[in-house]
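Structure, as structure tokens:
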Amino acid sequence: MKCAVLFLSVIALVHIFVVEAEEEPDSDALVPQERACIPRGEICTDDCECCGCDNQCYCPPGSSLGIFKCSCAHANKYFCNRKKEKCKKA
């Protein structure tokens, strides 16, 4: 009888730890905006929002007046190093 109680206690403890591990939020899931990026052609506000090293947030003339919107566009090969420095995550 004592063995049955001990066995059931062990099963209950294992179950509790498994449930707690499943309910614990993943640290990566807490900040989805860091992983999210904007594809080429979509509206952006900063270079760091655009996907890839070779994309920049291009604002055409008139965008400061609200006539045009800034969007992710292809950048030259030298832009990649500047973007890496600018968009470093602390």
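In case you wondered, yes, glycine gets a Cβ from its N, Cα and C as well.
Of the listed cysteines (CYS3, CYS37, CYS48, CYS50), only CYS50 is recorded by Swiss-Prot as the disulfide partner of CYS72.
According to Swiss-Prot, CYS57 forms a disulfide bond with CYS44, chosen from CYS37, CYS44, CYS80, CYS87.
Between CYS51 and the candidates CYS37, CYS70, CYS80, CYS87, Swiss-Prot records the disulphide bond with CYS37. Reviewing CYS48, CYS70, the cysteine that Swiss-Prot connects to CYS59 via a disulfide bond turns out to be CYS70.
Sorting the disulfide-bonded residues CYS70, CYS72, CYS80, CYS87 by the number of other Cβ atoms within 10 Å puts CYS72 first.
Cα separation, CYS37 (disulfide bond) to CYS50 (disulfide bond), rounded: 5 Å. The number of other Cβ atoms within 10 Å of the Cβ belonging to CYS44 (disulfide bond), over all protein chains shown, comes to 23.
When Cβ neighbours within 10 Å are tallied across all protein chains shown, the highest count among the disulfide-bonded residues CYS51, CYS57 belongs to CYS57.
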